[in-house]
Amino acid sequence: MQQPLNYPYPQIYWVDSRASSPWGPPGSVLPCPSSVPGRPGQRRPPPPPPPTLPPPPPPPPLPPLPLPPLKTRRDHNTGLCLLVMFFMVLVALVGLGLGMFQLFHLQKELAELRESTSQKHVASSLEKQIGQLNPPSEKRELRKVAHLTGKPNSRSIPLEWEDTYGIALVSGVKYKKGGLVINDTGMYFVYSKVNFRGQSCNNQPLNHKVYMRNSKYPQDLVLMEGKMMNYCTTGQMWARSSYLGAVFNLTSADHLYVNVSELSLVSFEESKTFFGLYKL
């Protein structure tokens, strides 16, 4: 279909700011002919429409969560190591503190022990110099010792003794029916003294002996014996003493006794007639 030639079209102008036109000043607008040059009666076709832009692409998917930077992980590991080291140092300090406490406690006990040992040494030295004035009662009870004195109403043989009153003493051994009974085997010093006196003198022999009885022996065993003869002057008062003493190895259940030949001539004063022993 042919378009009418007299259809009015707006004129199109090309503008060239860099080229100068011979018909006008530089930068002037040149009219664009509406018809095709060389082809009168035909109009220039309209310019093509601008190209349509494609639709924008969809937004890219969200990227995954990024891993923590290497520096952050290193900082985390460093903090964990520092925490572990702190606890290790704390445990070491606690152990060191406990060790120092135990060492202080041991030093204190050692000082107390040294002080106690020093005091005991000083006390022992003083006891050696001035003697033990007040010995413990336990030591007195454990000491095997006896000192018996004469008994005025003694009328039998062997002699009977006073074991309770006056200066009499019995400890660690037993007094029974005129004799001392040994409870502990060991070495003993045994002694006896008898004082004889008379209004007149007939010079009869005077015997004084200490003997032992034990179920192991069939008869009495004489340990010590003394005999006096010609000890006085006829017709005069007289007094003589007999003393016996020696060390013996005695066993448990041994019984010790004292016998004299003339009981009527014995003076039973506690300072003159006595019988005793003590364990060495």
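Including glycine, each Cβ sits where the backbone N, Cα and C put it.
The annotation compositional bias 'Pro residues' is assigned in Swiss-Prot to 43-69.
Cβ environment of CYS201 (disulfide bond): CYS232, THR233, THR234, GLY235, GLN236, TRP238 lie under 8 Å away, each six or more residues apart in the same chain. For CYS201-CYS232, the entry in Swiss-Prot reads disulfide bond.
Feature annotation from Swiss-Prot assigns domain 'THD' to 144-280. Helix, strand and coil counts under DSSP for the domain 'THD' (144-280) come to 3 helix, 73 strand, 61 coil.
For ASN183 (among others), the entry in Swiss-Prot reads N-linked glycosylation site, with the evidence type sequence analysis. Spatially close to ASN183 (N-linked glycosylation site) yet at least six residues away along the chain are LYS144, GLY172, VAL173, LYS174, SER252, judged by Cβ distances under 8 angstroms.
Among the features that Swiss-Prot reports, N-linked glycosylation site is placed at ASN249 (among others). Just so you know, the Cβ of ASN249 (N-linked glycosylation site) picks up 9 other Cβ atoms within 10 Å once every protein chain is counted.
Annotation for ASN259 (N-linked glycosylation site): spatial neighbours ILE157, PRO158, LEU159, ASN207, HIS208, LYS209, TYR211, criterion Cβ-Cβ under 8 Å with sequence separation of six or more. For ASN259 (among others), the entry in Swiss-Prot reads N-linked glycosylation site.
The region 'Disordered' annotation in Swiss-Prot covers 20-71.
The feature topological domain 'Cytoplasmic' is assigned by Swiss-Prot to 1-80.
Marked as topological domain 'Extracellular' by Swiss-Prot on the basis of sequence analysis: 102-280.
Residues or ranges marked as transmembrane segment in Swiss-Prot (evidence: sequence analysis): 81-101. Note on the transmembrane segment (81-101): none of the residues of its chain located 6 or more positions outside it place their CB under 8 angstroms from a CB of the stretch.
In the predicted structure, the topological domain 'Extracellular' (102-280) carries a mean pLDDT of 86.
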